[in-house]
């Protein structure tokens, strides 16, 4: 006699499997970042990302439809997000603008400069010329928000009477950030060579010294 009992319901995924699925996008972003920095964008294949993350290539495409979209996600996660966090810091900070500038630089270094994400700047400089759509994306997601953030930080100092007015705030913002970007380029070029002589041994000290020099020119003179 055939049983008429209903078939058992499929088992729910266990907690560890659910956690693994939730963590997968981050694992793919981490793998892609490592490979883009190590090999470059053009030389990295989606198969490489899948192998590094320990998944099938189909899984990569499930989350990211193309290599270009994967790189965009890497940039958003590592750079755009940090800019947004520092932007919030400017809104919330109640101390002097000089102290805010130091805190913003420390936050940037901790989340970007001291991590693998610092290699994105060299990646963009060396390859983006061949990918104009990515160049436009990078300008929209990183350069323009970063410039607005720095100009706003500088204007805060002027509004509070702490900084003198500069003829072109955007030029001042570039003077502030370019040495930090150069520090990242150095880290992933000459600084990556074991035999290199010109190595910045203490990046935090370099940043502190750079900010000291900038503040000497920015601080309002008291009569």
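Note that Cβ sites are derived from N, Cα and C of the backbone, with glycine treated the same way.
Any TrEMBL annotation is an automated prediction that lacks curation.
Of the given residue ranges 25-44, 45-64, 65-84, TrEMBL assigns the label DNA-binding region to 45-64. With DSSP classes pooled into helix, strand and coil, the tally for the domain 'HTH tetR-type' (22-82) is 49 helix, 0 strand, 12 coil. Averaged over the domain 'HTH tetR-type' (22-82), the predicted model has a pLDDT of 95.
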